[in-house]
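Visitor: Annotation source Swiss-Prot lists site 'Transition state stabilizer' at Arg28, Lys35, citing sequence analysis. Here Swiss-Prot flags Arg202, Lys258 as site 'Positions MEP for the nucleophilic attack'.
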Amino acid sequence: MESTHEYCIMNTTPNIHAMIVAAGRGSRFGASIAKQYTLLQGQTLLQHSVARLAESNYIDRCLLVVAQDDSTAQTLSFALPIYYAIGGTERWQSVQAGVEAMINAGADESDLVVIHDAARPAVPTHDIDAVIQAAMLEPYGAILATPVADTLKQSYIASNTLSTPAYEAPLSLQQLNTQPELANSQSGYDTLHTYAQKTIDRSHMWQAQTPQVFRLGQLQQVLNYVTKHNLAITDEASAFEHLELPIRLVTGSRQNIKLTYPDDIILLTAILKAQFASIS
């Protein structure tokens, strides 16, 4: 992909556009409603997340990318002026739809787009401003992230049956995910368990958060590359990584957790209560 490094780095005062991706269902959360509409402290996660963006010194409106059949978002009140785009099946497809909507609305390719998860309502305002300020000085963008603090284990799947033949290698998680029939295909396997294979060096490991902030035109190009080559990505920064384009890491707060599983509600509720108490 042709680099526009020189053009982008000179534009250190770009216009800022905000996008919240809210088209997913949150299957791991397991609720009957989309998790962005979970109520905490009297408001939905989506409303909380928009309110955090509204506190930024750089954001004055927000694009919400929602599912085709979403009938809830437009019934809510938000802390920013809102406009909408229809998302796709995968997160990156929703972001791509949002980028196209922004460009069609007249945004410049050198502008910055701030992409935030609806399920991260506790991001501190100063972190939002910090990652935007960092992205202003980068040719491609910057993201919030935290250094990994816990010990990381790589795992494998195997049985505890001692009669398992030595020539049968343990099943990997990828094998089980893509070929579940293998779970019962190896002789001697009666109960499968997860085991630690090795410890991963965490000295250069970071946990990605949002907001993630990118040059709009560059993001459009890398997402087109993802589409063309049918790549699997879990966040926007990984699209840039496929092309070895540098994305700056900005240390964020550990308060900025993502609501993924039901028991995350306990921690997230406590964080929001503490944050509200500190400003009241």
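Cβ atoms are placed via backbone N, Cα and C, with glycine included.
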Visitor: Taking the Cβ of Arg202 (site 'Positions MEP for the nucleophilic attack') as centre, how many other Cβ atoms lie within 10 Å?
Guide: 13
Visitor: Mind telling me which of the recorded sites Lys35, Lys258 has the densest Cβ neighbourhood, counting other Cβ atoms within 10 Å?
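Guide: Going through Lys35, Lys258 one by one, the largest Cβ count within 10 Å is at Lys35.
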Visitor: Tell me whether Lys35 (site 'Transition state stabilizer') sits in a helix, a strand or coil according to DSSP.
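Guide: SS state of Lys35 (site 'Transition state stabilizer') = helix.
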Visitor: Cα distance, Lys35 (site 'Transition state stabilizer') to Lys258 (site 'Positions MEP for the nucleophilic attack'), nearest Å?
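Guide: On Cα coordinates alone, these residues lie 11 Å apart.
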